[in-house]
Each structure stands twice: as structure tokens, then as C-alpha cells.
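Residues annotated as active site, nucleophile in Swiss-Prot, with similarity to another entry given as evidence: Asp8. The Mg(2+) binding site annotation in Swiss-Prot covers Asp8, Asp10, Asp214 and is backed by similarity to another entry. Annotated phosphate binding site per Swiss-Prot: Leu9, Thr42, Gly43, Lys191, Asn217, in sequence order, evidence recorded as similarity to another entry.
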Amino acid sequence: MYQVVASDLDGTLLSPDHTLSPYAKEPLKLLTARGINFVFATGRHHVDVGQIRDNLEIKSYMITSNGARVHDLDGNLIFAHNLDRDIASDLFGVVNDNPDIITNVYRDDEWFMNRHRPEEMRFFKEAVFKYALYEPGLLEPEGVSKVFFTCDSHEQLLPLEQAINARWGDRVNVSFSTLTCLEVMAGGVSKGHALEAVAKKLGYSLKDCIAFGDGMNDAEMLSMAGKGCIMGSAHQRLKDLHPELEVIGTNADDAVPHYLRKLYLS
């Protein structure tokens with residue numbers, strides 16, 4: 001039996017409308033009441049995820065910003081790995097002139113965007129988290145957990161992914177959380193490495209963990225955990241990268257809570 005359950009949120013545990021269904025909430029409460037450790041493992045910001053956790057009324061670790069931040073059961077920050085200042089500063093303005101690509105910055109407790117995009121707020125059904133606008137040359141690049149780029153066209157983000165990797169190499173970890181969202185963290189940052197740290201803190205190892213995800217930002221976590229489950233609606237790139245992993249149903253079908261009920265509660 002896996003003692004640690006780690007799950008991504010968007011595209012995985014959350015419904016397509018970015019909410020937690022009642023069917024999803026119940027097993028999380030039952031699992032944690034039985035002593036199984038649930039871990040949120042997401043690209044979302046810790047301020048946002050903390051509200052989701054509090055609304056659920058469960059104790060859980062939070063891996064946020066794709067592993068750049070880890071908070072304990074009481075919400076205390078126990079791990080932080082920021083982008084180097086020079087990289088963060090350059091990323092703030094790298095596509096500022098492209099009207100099709102929005103630049104987002106997570107810095108400590110704040111979220112910044114380089115221009116308004118009201119539709120981003122559709123992700124915040126379970127929490128209240130608002131962005132502020134920034135000017136690239138005026139934003140202090142200290143404490144930046146990640147910079148991410150959103151665009152309706154995946155094809156426009158592909159050359160940006162290649163350019164960032166070519167420029168900074170292993171000083172960054174670049175991955176697509178969705179086809180329309182390219183995320184940049186410091187080198188060595190991943191949900192998988194953060195999960196390893198959390199498991200160790202709990203007295204377990206990665207082999208005691210089961211993980212669920214749908215994005216390329218879940219790749220390390222899914223492959224490093226004792227059991228990794230890929231969502232049926234996941235990027236094909238992720239399925240191709242890890243053909244050895246089990247593919248389950250979709251978030252529209254509440255596949256993760258179904259799986260957890262069968263594994264732990266039946």
C-alpha cells in the first residue's frame with residue numbers, strides 16, 4: 001500500500017471547470033483521516049493551493065510552482081528554489097513585444113502579468129488569487145519561483161521552449177504544463193525531486209508514493225514515484241516519454257478519485 005498520494009490539480013484532480021467535485025473531495029478526506037499522506041503537487045501558486053487545502057479541511061503537504069516551493073502540513077515554507085536573478089530578469093521581457101504571448105511571474109506571495117488577460121481567472125474557482133501588472137524593467141527579480149508563458153497557439157511556444165533551453169541549459173527546467181502554457185523553473189526543480197523531499201520528511205521513500213498527472217511538468221514525479229499514473233487526456237508527449245506507466249481515465253470522469261476509492265476504500 002502506498003503511504004503517500006501525490007496529485008497534480010489542473011487536468012488531473014480538478015474537473016474540467018477547475019473545481020473539486022464532491023466525488024473528489026470525499027476520498028481525500030477519508031484517506032487523510034486513515035493516515036495516508038496526501039500531497040498537492042502542482043504548478044499553481046502556494047497562496048492559491050493553500051486556500052484549496054483549507055477549504056477541504058485536510059492536512060497535507062503542498063508542492064507548488066512545479067516543485068520550487070514546498071509547504072508543510074501547517075503551511076510553513078520548508079523548501080524554496082528560485083530562478084537565478086539574471087535569468088528571471090531576462091525572462092520578464094523576453095516576449096514582451098509579442099501580443100500573442102502573456103508572461104506570468106510567481107514571486108514569493110505575488111503573481112504578476114505583463115498585460116491583462118481576464119480569462120486567466122477561470123482557473124480560480126476554488127480560491128481567490130489575483131494578478132498585478134508589471135513593467136519588465138521595473139520588477140525586482142528576487143524570490144521568483146517560476147516564470148510561465150501562456151498562448152493560444154502551442155506552435156508559437158515551441159520555439160520559445162527551444163530558445164530558453166539553448167540559452168540557459170541546465171540552469172533552467174522548462175516544461176509544458178498544458179499545450180498552451182510553457183513553464184520555466186530553476187534547474188533541478190521538479191515535482192519529482194520535491195516529492196522525494198516530502199516523502200523523506202514523512203519517513204518514507206519514493207517507492208512508497210503513488211502519483212497522478214497529465215502534463216510534461218509531471219514527468220519526473222510520475223517516473224520517480226513507486227507508481228505513476230498518467231491521465232487519459234494527458235499530452236501525447238508525456239505518454240510517449242513514459243510508455244511503461246499506466247494510463248487511467250480523464251479528469252472529466254473523476255478518474256483519480258475513482259482510482260483512490262478502488263485502491264484504498266473498497
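Cβ atoms here come from the backbone N, Cα and C positions, even for glycine.
Note that the structure is a prediction, hence the values are computed from the model and not measured.
Among the residues the record lists as binding phosphate, namely Leu9, Thr42, Gly43, Lys191, Asn217, the two farthest apart have Cα atoms separated by 12 Å. Taking a C-beta cut-off of under 8 angstroms and a sequence separation of 6 or more, Lys191 (phosphate binding site) has the following same-chain neighbours: Ala6, Asp8, Ala41, Thr42, Ile63, Asn66, Gly67, Ala211, Gly213, Asn217, Asp218, Glu220, Met221. The two recorded residues, Asp214 (Mg(2+) binding site) and Gly43 (phosphate binding site), show a Cα separation of 12 Å.
Packing around Asp8 (active site, nucleophile) is summarised by its Cβ count: 30 other Cβ atoms lie within 10 angstroms of its Cβ, all protein chains included.
Gly43 (phosphate binding site) has a Cβ environment of 28 other Cβ atoms inside 10 Å. Calculated from their C-alpha atoms, the gap between Gly43 (phosphate binding site) and Asp10 (Mg(2+) binding site) amounts to 9 Å. It is Asp214 that, of the binding-site residues Asp10, Asp214, has its Cβ surrounded by the most other Cβ atoms within 10 Å. Each of the binding-site residues Leu9, Thr42, Asn217 was scored by other CB atoms within 10 A of its CB, and the lowest score goes to Leu9. Take the mean position of the Cβ atoms of Leu9, Thr42, Gly43, Lys191, Asn217, the recorded phosphate site; other residues of that chain with a Cβ within 8 Å of it are Asp8, Asp10, Ala41, Arg44, Ile63, Thr64, Asn66, Ser177, Gly213, Gly215, Asp218.
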